[in-house]
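So the structure is just underneath, and the comments pick up after that.
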DNA sequence: GTCAATGATTGATG
DNA sequence: CATCAATCATTGAC
């Protein structure tokens, strides 16, 4: 209340990438043509160079455009893009993202097209202007002596100007790509609800391992496969679930009843049902009896209801499971305890 | 538009 | 590095 707990991260300021326009280019060219020859001469190569050494910057831009797959027109820019797309997704590329990625690729391709057509225009303009100026100088040579050196100087001055413009183009392109990337690829806060199948699988695991809802890496992979999500999504889900369940168990009672009943039925009726129940590895330390049964924590109060709703039909350890100490003050359960296994449904029944 | 649910991110911790 | 806790940001129901 006193102070906002977290300063809102810089708002995603809707920056509009400034794309070089043809009119922009024309203006630049006009600016050049407006210059008297003397002025143009003054801005000779070295003049430009020590004004702002473009080498390093230009190289950076070039590298970046190359990396982004903007350079090398249609020459299989795919590789670069795909590789980059991969890096933007921590822990693998979920099928889910492919939509955004194709969107991204489409837009990137647009940018690439614009970039190349602009570049082409610049180059052509540069060539034309150069010939124009040389012609002019040749005309002048009829009136006065024009040294080849003077021509050379002029030409390089023009090229210098045009490469400065090109640099702007590259810069703008880089900016555009970055913006696009942060919008589409980094999809950080993009959220899509999991499929029913996924939540089902996750909830089943969660409630059947309520005494130790910490799936091992293997279990996470299995869950991820079954729910068609990524392992990190599974981890996120369990992280959220544990906390939210702990915070407000009352709210989850119904859900718990459903899923615990489900798994109980599954396991009691068929033992190992036709499915691959045994494929889901028990939690990292699960099978070896992870939990010292608590002396009835607060979990008991809410879960008592469960117990009455769900009379243990032989797999009656549901409720004791649910009192697992992970809800308590000492969360990290991974430290295997010597205590006997209260009996997770999976391990006890499927064994 | 409001609001709860929920997936993702972040910073702290061991 | 996995997890917790707080928070953000989107979704979907109303």
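Including glycine, each Cβ sits where the backbone N, Cα and C put it.
Features as listed in TrEMBL:
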{"type": "REGION", "residues": "A:1-23", "note": "region 'Disordered'"}
{"type": "COMPBIAS", "residues": "A:1-14", "note": "compositional bias 'Pro residues'"}
{"type": "DOMAIN", "residues": "A:1-186", "note": "domain 'PBC'"}
{"type": "DOMAIN", "residues": "A:185-248", "note": "domain 'Homeobox'"}
{"type": "DNA_BIND", "residues": "A:187-249", "note": "DNA-binding region"}
{"type": "REGION", "residues": "A:311-351", "note": "region 'Disordered'"}
{"type": "COMPBIAS", "residues": "A:318-327", "note": "compositional bias 'Polar residues'"}
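Across all of the domain 'PBC' (A:1-186), the predicted model scores a mean pLDDT of 63.
Remark: secondary structure over the DNA-binding region (A:187-249) totals 42 helix, 0 strand, 21 coil, with classes taken from DSSP.
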